[in-house]
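Inspection log for the structure reproduced underneath, given as structure tokens.
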There are 6 protein chains.
Amino acid sequence: MQESNSSNSPSLSHINAKGEASMVDVTRKSVTQRAAVATGKVMMSKATFDLIVSGGHAKGDVLAVARIAGIQAAKKCADLIPLCHPLMLSKVQVDFEPDESQSQINVRALCKLAGKTGVEMEALTAVSVACLTLFDMCKAADPEMVISDIKVQSKTGGKTGHWIREQGTVNNGASAC
Amino acid sequence: MQESNSSNSPSLSHINAKGEASMVDVTRKSVTQRAAVATGKVMMSKATFDLIVSGGHAKGDVLAVARIAGIQAAKKCADLIPLCHPLMLSKVQVDFEPDESQSQINVRALCKLAGKTGVEMEALTAVSVACLTLFDMCKAADPEMVISDIKVQSKTGGKTGHWIREQGTVNNGASAC
Amino acid sequence: MQESNSSNSPSLSHINAKGEASMVDVTRKSVTQRAAVATGKVMMSKATFDLIVSGGHAKGDVLAVARIAGIQAAKKCADLIPLCHPLMLSKVQVDFEPDESQSQINVRALCKLAGKTGVEMEALTAVSVACLTLFDMCKAADPEMVISDIKVQSKTGGKTGHWIREQGTVNNGASAC
Amino acid sequence: MQESNSSNSPSLSHINAKGEASMVDVTRKSVTQRAAVATGKVMMSKATFDLIVSGGHAKGDVLAVARIAGIQAAKKCADLIPLCHPLMLSKVQVDFEPDESQSQINVRALCKLAGKTGVEMEALTAVSVACLTLFDMCKAADPEMVISDIKVQSKTGGKTGHWIREQGTVNNGASAC
Amino acid sequence: MQESNSSNSPSLSHINAKGEASMVDVTRKSVTQRAAVATGKVMMSKATFDLIVSGGHAKGDVLAVARIAGIQAAKKCADLIPLCHPLMLSKVQVDFEPDESQSQINVRALCKLAGKTGVEMEALTAVSVACLTLFDMCKAADPEMVISDIKVQSKTGGKTGHWIREQGTVNNGASAC
Amino acid sequence: MQESNSSNSPSLSHINAKGEASMVDVTRKSVTQRAAVATGKVMMSKATFDLIVSGGHAKGDVLAVARIAGIQAAKKCADLIPLCHPLMLSKVQVDFEPDESQSQINVRALCKLAGKTGVEMEALTAVSVACLTLFDMCKAADPEMVISDIKVQSKTGGKTGHWIREQGTVNNGASAC
């Protein structure tokens, strides 16, 4: 990962030798093109799923609201996560894939920038807040919804080059960025 | 749920008959004592779990940073989720329970207020951002972590009185608030 | 006007006798149900109008994005306008009326709260930011758009009761609130 | 405009082929010196105009408050307008020109940066919020004020080079940046 | 102190028995009229003092900018200080008293609200940010300025009634609020 | 100082010849590595000091909360201080040194970036908000605390090169950046 220290053993980001929080120093890192894709999902009852998606199309503004919330949250990442560096995203995209068989909405976010730090936290934040926003609009109908499987699918740029999540439940995102 | 419309069939909050986003009108609702508890978890490798928790105690500021991030995020809920009403939380608490057997950190948030709307979105937001913050501090060591099972455990106050999530994967939160 | 001083002559809000900015003191004012409606418009070329509205329906997310931006801006009013009191909106609604004959989009916002201060600034802010957001999405096609006629149409609640804007561009002020 | 797509027909910024909101990708755009000037005005009664401007000079902090509000709003543009890219303004200037004959305050904002995107939205936001702030300070005396004619006067930098608004009520801004 | 626990010995606010951060629960506290006054100062060279204050009057917008910054910062207190409760200030006032003999600017802030928690943190935040803003405008001329003596002068409302700071730097605390 | 105008006599930053606020234009300044160190302190009663620091170690999350608040405040500097340029900090560090003999907590912040403007305001803001946060957690026990001696210790980068505060109470920060 581009923000690890230089020792061989993995360690915590943003935590110094005394166990204190301290934003990683990226002053001398070079600017490279970076991208990250994260995914997650909101699981709901069949009735709630049908409220959002009918006849194969989402009703009105529902997904639009969640999409905007996700995009705006990506821009607020450094304000929400204490040790994230402020950065200037050059692209944010949030997509939804309603999965009728599982009665869930899959959420995917892509973030890009030309900068010194990776953007996976921005992508994860976009997914999280898009999921929360879907929850907010459906909570009267279905308070038992669950938000799950929020994770990074791929990232490019920086020291580590192109990283893709391995197998499992992953849809690998190879073409994503 | 306290924000549903008065018809018998469940419907989407904040979406009007034309499918347009519109913040629910709570002007004439009465102020009651309200509370909500939400939970979630960050699943990680055993090595990463050990980086955070050693000898039964979390190292340094790690959990403190995530706790503060969760508390602050609860206060930002109306800024993050487009149709949430602004409100004045009277209590926010974020707790962590490292679960060594599952190699995961369980996160729980309690929010309270005397107000016109429920606070489950605030509790869910606190849990989500606390999870994201843990991810941020561990991402160099373990980019494959997964944030999961973010859900409401219980809520009190408002028209619906005391609601507790039904069993299943639920730890029922009966004593929670 | 609920925030004017008690003298007979009209004066500036939030400016003390020395000409210094000072937020009006509303500590002892009573809480009443309040509402305000504001309107505005974005004037554009016929070609741009057709890009947004085709066949009588707005294309995709365009109006949804502007609606969300307006709603969120209403909640940020006290952060944007230095001397506005923070308050807890209980309802925000933003509507659009495409006017093909004039090649313009009319914007209308309604804000409500039970509180100590009027909500006309919140409604005006919602209209302004909804207009700016429409501009942002159309600016590549039409950089000569104009945002105009942002004004309060009506307000209710507080000392002055129900105020409705008079015909024309009249400024009488005296009976206003 | 610098953010248009490459086709010959004009199209909406930030809206993809499916009609979904999606922040324009500027990752690979080059950094150039950019500037934009926007203008607007607040029309008011003669009595209100005289409250603000007496003897040719504005009273106390009135214009200073509106100026600061406009400058700060320019910095918040990406937070207010959902699909705006975050950027680092290198200069913001807000000027007022009281026009006694029309009983109105003219507002003008200049924004500059060395970056990948234009700054006309920042200039328009500065003008809008400066106007709203003037409204806020005068609303007790004159609730019938109108904010109008918010538009871009000129912009420089990026693919389109130097663009100046044509004819009409325009003061052409040629010397502005 | 209105937020202390019920034991006889003083203790830390917002820190539970395990040493973890936890926002104090004010859900069941009653709403009372509250006010707080805080003060501070910026000490500078004689030359810098003269740049700001000439002929007994501050030059242009200098104090106006710092005043607005202080007022807005009071409204952001809960966003800046992690465990502060969000609240709705009903009055904020920031005053400056240039003290030529000491070559310093004295700053004083008054905050008021009808609410469940004291407003001394809001007053202290207003003073701090007003001082920082003065520093920002003078830093090119005088990088050696010092901001000092930020403290609460008085507070009213809540369980403890009217508290006024004692002479000197005395800390008694016992009777404090 | 890197932001002074080019004349020989010192002058106010961000204030133009008419006395109006106007953000300094840094569009054409070159990007250099910059750092700044600021310090301050919170003076308290011996009893309060002992509440925070016992046996030589701070209790639980107390200093962690203040550290996070300081780091986040540095990132909010341009939002708090009206004429500060937005910038992208590449490093923020906040340290505490409990001084038992003086019954005070010393606070020190280091900020870094590769950019066009100095970061001393960010460092001063981090120190101020860390001090305010300590105050917030101790105010029930000791309302008479005083925040003092907030100042810049050193700065590097930009036109002025390496500047170190002279003499006095200064710990000179030579090794700091």
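All residue numbers here begin at 1 and follow the chain in the order shown.
Each Cβ is built from the backbone N, Cα and C atoms, and glycine gets one as well.
Per TrEMBL, compositional bias 'Low complexity' is recorded for A:1-13.
What TrEMBL records for A:1-20 is region 'Disordered'.
The domain 'Molybdopterin cofactor biosynthesis C (MoaC)' annotation in TrEMBL covers A:23-158. Confidence for the domain 'Molybdopterin cofactor biosynthesis C (MoaC)' (A:23-158), expressed as mean pLDDT, is 94.
Here A:C84 (substrate binding site) comes close to A:C77, A:A78, A:M121: these same-chain residues lie at least six apart in sequence, with C-beta atoms under 8 angstroms from its C-beta. A:C84 (substrate binding site) falls within neither a helix nor a strand when secondary structure is assigned with DSSP, and so counts as coil. TrEMBL lists A:L83, A:C84, A:H85, A:M121, A:E122 with the feature substrate binding site.
Same-chain residues at least 6 positions away in sequence with a Cβ under 8 Å from that of A:D136 (active site) are not found in this chain. In this structure, A:D136 (active site) is part of a helix by DSSP. Annotation source TrEMBL lists active site at A:D136.
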Return the residues near A:E122 (substrate binding site), defined as same-chain residues 6+ apart in sequence whose C-beta is under 8 angstroms from its C-beta, sorted by sequence, else 'none'.
-> A:A36, A:A74, A:K75, A:C77, A:L87, A:L89, A:V92, A:C111
For A:L83 (substrate binding site), which residues in the same chain are close in space, meaning a Cβ under 8 Å from its Cβ, but six or more apart along the sequence?
-> A:S13, A:H14, A:A21, A:S22, A:M23, A:V24
Report the largest Cα to Cα distance, in Å and rounded to a whole number, among the residues A:L83, A:C84, A:H85, A:M121, A:E122 that the record lists as binding substrate.
-> 13
Give the residue counts of the domain 'Molybdopterin cofactor biosynthesis C (MoaC)' (A:23-158) per reduced DSSP state, in the order helix, strand, coil.
-> 44 helix, 48 strand, 44 coil
Other CB atoms within 10 A, centred on A:H85 (substrate binding site) = 25
Write out which of the listed recorded positions, namely A:H85, A:M121, A:E122, A:D136, lie with a C-beta under 8 A from a C-beta of chain F, sequence order kept, or 'none'.
-> A:H85
